[in-house]
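**Q** Below is a structure I'd like to ask you about.
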There are 2 protein chains.
Amino acid sequence: MILLSSSNPKYSMCWLSYKPIEKKEYVQEVEKFLEQIVLLEKNIYFQNAGNELKKALGALFGTEPRLSNSVNLYMDSGIILGKVTNEKLNIFITEVEKEAVGEEGFLIKVIDENKRKYIIVASKSEKGIIYGTFHLINKFRLKTGLKELNCIENPKASLRIINHWDNMDGSIERGYAGKSIFFTNGRIKRNYKRIWDYARLLASIGINGVVINNVNVRDKAIWLITPKYLNDLSKIAEVFRLYGIKLYLSINFASPIYIGGLDTADPLDKNVQKWWKDTVKTIYSYIPDFGGFLVKADSEFNPGPYVYGRTHADGANMLAEELLPYGGIVIWRAFVYNCLQDWRDTKTDRAKAAYDNFKPLDGKFSENVILQIKYGPMDFQVREPVSPLFGAMEKTNQMMEFQITQEYTGQQIHLCYLGTLWKEILEFDTYCKGKGSYVKRIVDGSLFGMKYAGFAGVSNIGDSINWTGHDLAQANLWTFGKLAWDPDRKIEDIAREWTILTFGDDKKVVDNILWMLLNSHAIYEKYTTPLGLGWMVNPGHHYGPNPEGYEYSKWGTYHRADTKAIGVDRTSRGTGYTLQYHKPWQEIFDDINKCPEELLLFFHRVPYDFRLKNGKTLIQFMYDSHFEGAEMVDELIKKWEDLRGKIDDEIFNRVYERLKMQKEHAIEWRDVINTYFYRKTGIPDEKGRVIYP
Amino acid sequence: MILLSSSNPKYSMCWLSYKPIEKKEYVQEVEKFLEQIVLLEKNIYFQNAGNELKKALGALFGTEPRLSNSVNLYMDSGIILGKVTNEKLNIFITEVEKEAVGEEGFLIKVIDENKRKYIIVASKSEKGIIYGTFHLINKFRLKTGLKELNCIENPKASLRIINHWDNMDGSIERGYAGKSIFFTNGRIKRNYKRIWDYARLLASIGINGVVINNVNVRDKAIWLITPKYLNDLSKIAEVFRLYGIKLYLSINFASPIYIGGLDTADPLDKNVQKWWKDTVKTIYSYIPDFGGFLVKADSEFNPGPYVYGRTHADGANMLAEELLPYGGIVIWRAFVYNCLQDWRDTKTDRAKAAYDNFKPLDGKFSENVILQIKYGPMDFQVREPVSPLFGAMEKTNQMMEFQITQEYTGQQIHLCYLGTLWKEILEFDTYCKGKGSYVKRIVDGSLFGMKYAGFAGVSNIGDSINWTGHDLAQANLWTFGKLAWDPDRKIEDIAREWTILTFGDDKKVVDNILWMLLNSHAIYEKYTTPLGLGWMVNPGHHYGPNPEGYEYSKWGTYHRADTKAIGVDRTSRGTGYTLQYHKPWQEIFDDINKCPEELLLFFHRVPYDFRLKNGKTLIQFMYDSHFEGAEMVDELIKKWEDLRGKIDDEIFNRVYERLKMQKEHAIEWRDVINTYFYRKTGIPDEKGRVIYP
């Protein structure tokens, strides 16, 4: 192997920062099981899992268990890492249990008899053992009772992938936590230590794939699929492989032109196909378990099959055919829309674009093509309806794309925990196969029985000391992994677990941070763009308020506010976007009185004097929301201030500084948006609070 | 010398592209005088002027006059270049004439006797001879009759300087004509050929100074004043010197810290003074006629004396003292304002800043400090009132800063001839010493009898094929030089001369281009931000409409439009800006009914239903102005189309493409601004034209 992982003082290990367990009774209870670590398989994956476990036990319990490859079933105690199929485990594991452990799953079983005190962690394959190991370590850290350790865990979705929008110059598109850990100055970094630790973090939350380069593939990044870079990439793949993670690459659809010197990238062209076949073969000669390609085609100035009059299915299937023999997949982004819209054109509705582009192609994609769909129809706003593509493509592999990095949600300066929003999205019932057709059942593949399904999360990490800029933004990465593994889990439980693993289990610490996390998205929404309004941000960098920043642009993102009303009519009487949903959503979204209020301005053009359910006019709601939202930041600050002394000083101060910035910027949001509406309508605040003229 | 100048096919020579004179009678009349060129002085300046003349005569008349250094006063004919004080010219030049020629001036005198046919070009110093030479060449090209050649010309202002905002990476801040001709990739270019030709262009319009680096002095540019770059700079200075042009540098006020390693840049600190003394000495050891420093201090994040609790006089005078022994000067920019204003703050008025900062310092600046003042109080908008600093500083050297590059005026995509605007500014009567206290008399130094005065123009040239991107934008550079030489000239004459020298004297060509030039600023103003509104541009790059782009920013540039009114009240009842003017302007600007309408929204907050002098409401005027302005672009296009075949194809097409872009972008301006006002007011266009809702 390249090198051994070790702790590094230059950055934290987030929720994997092990500290000794102080509860004596628990230590005494568990210690009996820690005499040794037995590895029933002799390969680097089990060896690595054993190392992880040994290091953790040393840090948590102060023990130094020996690592042994042979098992004496009459030994006094130990943690056994093995495969469920290992004969030596037959006496402990039932056939039913064996069957229940899937390809990436694991079983934990505690044997607590007089002389036999074992904790068995058993997986079906090499992949599951690292998940089981981290699961056990974290359960110890949560001081989970021995009996409660018993479990069989399988990820619900097969694809749990992080998308890095890292550029080869080291910058990260929409990155708010430093520079890329993969690239610098046009080359691949050889700092495998940091990548190793990143792999550990990802494996501990069940991630099994990483796309390491930006979906906008330009310049040198186009060449990542060539031998010029494949040797370096194979080293990264080697690190990831140890932790059950496959390496993927974003590609430029026009690579046959850029790299191959062909005069076309037409997916039906024989030379193009041959070029891709050769390229794929080369890639797999360097990286035998290469995951596949992520493709942003015909989207925001990236080339694609449309250029040649071909469909997205033509494009995706061509690549898929070359990858299929190697087990590779094509992940094809559904983020396709007209990004040169004329603002005067009120017929075109960007919200409809993904559905319009892809719905006709349902059933036309190859078995190893997966459509990656952003959660909403626009672009990661603080609130959008669920994309109607979920539930519209019954014969197509589908993945949910979440944005872990806080592009429109405060850029890791504002605290904005995204788990609550994501959970709402996943629990949305599309009704595509009648009641109970939840999004979570679509993206875990079960509803339509698809082989490939899952989650893509746009990374929020960089080379900063705490990985995510805002320390509490680590919770977003954690939560993405945990939800991708099991979207049925309660979001409170996921957030609580993160809090304890990161900051310890002091009651006040847990209560306060949990409150902060669970309320932060609602607070951010209140003082920015509530009611599904969205887009009132500065163009380009997307930070801070700019009420008409996108109003006359080409991006198709307009609210068209005038003196009387605001919003785009996306009902059947307007652009017809609501018709992309199944019933009863069509009718619900279509009706201004039934539409969920948090999405009111997404679906409707609403007069300022329209009465909301609580009797407030729209304009008064806007004012109230902004005053309240900005004020609630004080509560976030207070909750944090209460923890002074209970949190490591460095982290405390870092978060505190950001909270103070958040307050300042929340006031800016409040004042700009309130003034904007006041100037637009001339209607004063009923409560007479300060709105600048 | 480094190399000889020659024509270069990679770029045009603008108004110095010589073509044979086709009018036979004129050629016959002049030819008699062209037998030889006699240089009465033996130095490189006269040699260079002689070369220029010889080359021109060859191109214009097809003659090959010999260059001789001795004069035989009984020779048949010739052009004599000499100093007015040369004894050999005593018989031709009177004492009165001699006295009338100033340091940079020249005399042209035609002696047309039987045997003696001379054209005498005589200057007082080496500097004037090149001006006289180009003057004569261009007069020939304008087919000026022999008798009308007689003249004595002196520049009215002593400083006629081009400011380059060129960065050392080769980019040009607010540059729209390619990359820098001076810098590339962090170093000084050694393409002296292009610089040589640039010097020729500048000398031909009377420029006598060039600041070659951006006033925002960052990174490597800070080090230009050190030996690391001075050797290369001395080569550039050598080229410029031949053409009567001095090299200046923009400096970073904190250089003693950055370069000197001192812990302060306090102008009253002895070590700081010593450091500058040594630095200046070093500079002059490389460039003996170095012009001096241009300083942007305490402005837009540039360091300055305020940091140390010192005044701008303290800062400027400290530098001036070190430059004085060498004849160098300090040009200190008055562009000082709070660029971190809170938009909620309605008391602070950026328009007042320059006056407030500098008025109290009148009389406190050293004799070799010149205050460089932007024409208006804001920042080169399409229309601003004259800065009240002109006329407020009776004991301070002052320069006018014009922006030749079209930052806010269409970025050399739109045709916007600036001569008409500049002329209006120069003709503004400040009344500071009673009626007749014109701005032009302030910036030529005559009104207050100041030694240093003049013009600074922010360059519009780059390394593009035609120097200025838009071919017709060459007229702006030409006009700047001509106005700086003599602000009393009629703008029509200046523009006509440029047109003929550039495109020939075909009547239609001259008429049409002249019409285009003289109307273009008014047209641009009409479809962008009329009535002194300004600032409705996209932040950052400043191209294209964005009605609220600056509304909530920190730049102090707000219109605060609401449903009822628009504009900032800058009268004595508002921010008090009008009080910075002398009477009667105070009263005129203060009165909404007397205020010149083209500045109405600069000085007043005006209700949309306010009636303008022509009876139109403000809102209707806005609509009309934008419809008319966009329509008038068709007239520009038509005037140009009429010239097809009469203009070199390459130039014709280049301009034509830009005119078509202008039309498209004018429509965008029209529609965005009209829609903005319509959405803001709900008031429809009286004439029922299309305003998008």
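Even glycines carry a Cβ here, placed using N, Cα and C.
Under the heading active site, proton donor, TrEMBL lists B:E300. The feature active site, proton acceptor is assigned by TrEMBL to B:D379, B:E407. According to TrEMBL, the feature domain 'Alpha glucuronidase N-terminal' maps to B:14-136. Here TrEMBL flags B:144-467 as domain 'Glycosyl hydrolase family 67 catalytic'. Per TrEMBL, the feature domain 'Glycosyl hydrolase family 67 C-terminal' maps to B:468-689.
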**Q** Express the predicted model's confidence over the domain 'Alpha glucuronidase N-terminal' (B:14-136) as a mean pLDDT, rounded to an integer.
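**A** The average pLDDT of the model in the domain 'Alpha glucuronidase N-terminal' (B:14-136) works out to 93.
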**Q** Suppose we draw a 10 Å sphere around the Cβ of B:E300 (active site, proton donor). How many other Cβ atoms does it contain, all chains included?
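**A** Cβ-Cβ neighbours of B:E300 (active site, proton donor) within 10 Å number 13.
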**Q** Counting other CB atoms within 10 A of each CB, which of the active-site residues B:D379, B:E407 comes out lowest?
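**A** Sparsest of the active-site residues B:D379, B:E407 by Cβ contacts within 10 Å: B:D379.
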**Q** Compute the C-alpha separation of B:E300 (active site, proton donor) from B:E407 (active site, proton acceptor), stating it in Å without decimals.
**A** 17
**Q** What does the DSSP secondary structure composition of the domain 'Alpha glucuronidase N-terminal' (B:14-136) look like, as residue counts for helix, strand and coil?
**A** 49 helix, 28 strand, 46 coil
**Q** Could you give the Cα-Cα distance between B:D379 (active site, proton acceptor) and B:E407 (active site, proton acceptor), in whole Å?
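**A** One finds 10 Å between the Cα atoms of these residues.
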